[in-house]
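Visitor: Dropping a structure here in structure tokens format, bear with me for questions.
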Amino acid sequence: MKRWWFNSMLFKKEFEHRCRLSKSMGSLGPIENASESKDPNRNDTDKNIQGWGGHDNYSNVDLFFGVKDIRNFFSDDTFLVKDSNGDSYSIYFDIENHIFEIANDHPFCSELESSFYRNSSDLNNGSKSKNPDHDRYMDDTQYTWNNHINSCIDSYLQYQICIDNYIVSGNDNSSNNNSSNENSSNENSSNENSSNENSSNDYISSSISSQSENSSQNEDITTSDQTIPESSTHMGVTQQYRHLWVQCENCYGLNYKKFFKSKMHLCEQCGYHLKMSSSDRIELLIDPGTWEPMDEDMVSLDPIEFHSEEEPYKNRIDSYQRNTGLTEAVQTGRGQLNGITVAIGVMDFQFMGGSMGSVVGEKITRLIEYATKEFLPLIIVCASGGARMQEGSVSLMQMAKISSALYDYQSNKKLFYVPILTSPTTGGVTASFGMLGDIIIAEPNAYIAFAGKRVIEQTLNKTVPEGSQAAEYLFQKGLFDLIVPRNPLKSVLSELFQLHTFFPLNQN
């Protein structure tokens, strides 16, 4: 936690506006730091209070204020302090009404002095009472009273100024240390000119400084919404600032979210292809102003009335619709790709993992039938975890239905179909239309499989080799034709379509 010197806080305008002083707030001289002392009782009886204005007679306050728990603070309290000249003053705190007053109320001070500092002169002169138990009681009383004053002052300053600095101080430890070192050097140079006043505040300075350091360490260990531990990884930072940054799944580097879309969701550090939403992919591939969606209002009716103990299926659908702005896990429609009219379907992994249910299967089937009727080239961007278990065998039937429509499109009409496999493409999508293309394209580092790694290992009790389900490894085995990064993808598709006699509409 950042350390604050008392004079620097008094110079802050926000502190001046929050506190109402009985004396005018003039300039304060430098606040000296002191070395460690062995006699806290003797030092505390000689605290110095500096004047608030040029005509006041208060002496210097040499306190190094730290940070403590505000729960230990009393909202309305009056304290007694005594300067090196023997003059007594009362300090009044009222945190509820924002009052901080210093008064020279001699009757009140005399009464408190008789109660708490009765034997202070005897202690300073080295004399002892005839009753040892009474001496120990007075020592304990004075020690407790001084600690109470320090605690309340610390807590008040924490409440007024430092309460909003948790995150900043947690992230700027190095700058805080430098600032603390500079303050210490300035205070030490000032102490050389005021060495006769240092001994009266050794205990308070060292005590509160220690408390501040302990508080700082505890805050670094505590995990909360406002405090970031020193040992936190990029993952923890990303969770807290995910509205600003996107973390790479490969190198764990942070990418500024504002520019992430313009970078095609590619990591700036390692070039890794991160997941894209269906809307971003449509914007990437389709010419502006040419997108015409199809079957947008088609939604699932829960065909097998699937119910879960955690959350009903219909409620989950409604939740994903609110979060993604989509009605289902695929968007279908027509548009132009570099002037070439195409039919395109784009799956969205953010909607229930891109799982294929009855609506997804029906929308893709209708898209294929439309492309067959209009003699259009077909693109389907795959991003799915497979068939949707909440719809049982109905979801499995979509594999056969889509494959049947593709057979008519490719074999009977001799039209051109290009699937684009992105990460992840698994399950029923891989086993059906994902691998039925005339030219199969995959993105770099895409995870492509029928059964996932965890399922295979649990079923066969064997370890799946690392990278055996990555696009580069599968390409060497001949599972698809091209691995194309996102940057040239649109140009590659345009060349393929023209090679298969699909030309732009405006071309003569």
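Every residue gets a Cβ built from N, Cα and C, even glycine.
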Visitor: I'm validating the feature mapping. Which of 64-86, 248-270, 386-408, 478-500 is tagged zinc finger in Swiss-Prot?
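Guide: Among 64-86, 248-270, 386-408, 478-500, the range Swiss-Prot annotates as zinc finger is 248-270.
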Visitor: Could you tell me which of the ranges 30-51, 118-139 is annotated in Swiss-Prot as region 'Disordered'?
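Guide: So the range that Swiss-Prot calls region 'Disordered' is 30-51.
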Visitor: Would you list the other residues of this chain near Zn(2+) - those whose C-beta lies within 8 angstroms of the C-beta centroid of C248, C251, C267, C270 - in sequence order?
Guide: E249, N250, Y252, G253, N255, E268, Q269, G271, Y272
Visitor: Over the zinc finger (248-270), work out the mean pLDDT and round it to an integer.
Guide: 89
Visitor: Are there residues of the same chain, six or more positions away from C270 (Zn(2+) binding site), whose CB falls under 8 angstroms from its CB, and which are they?
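Guide: Correct list: C248, N250, C251, G253.
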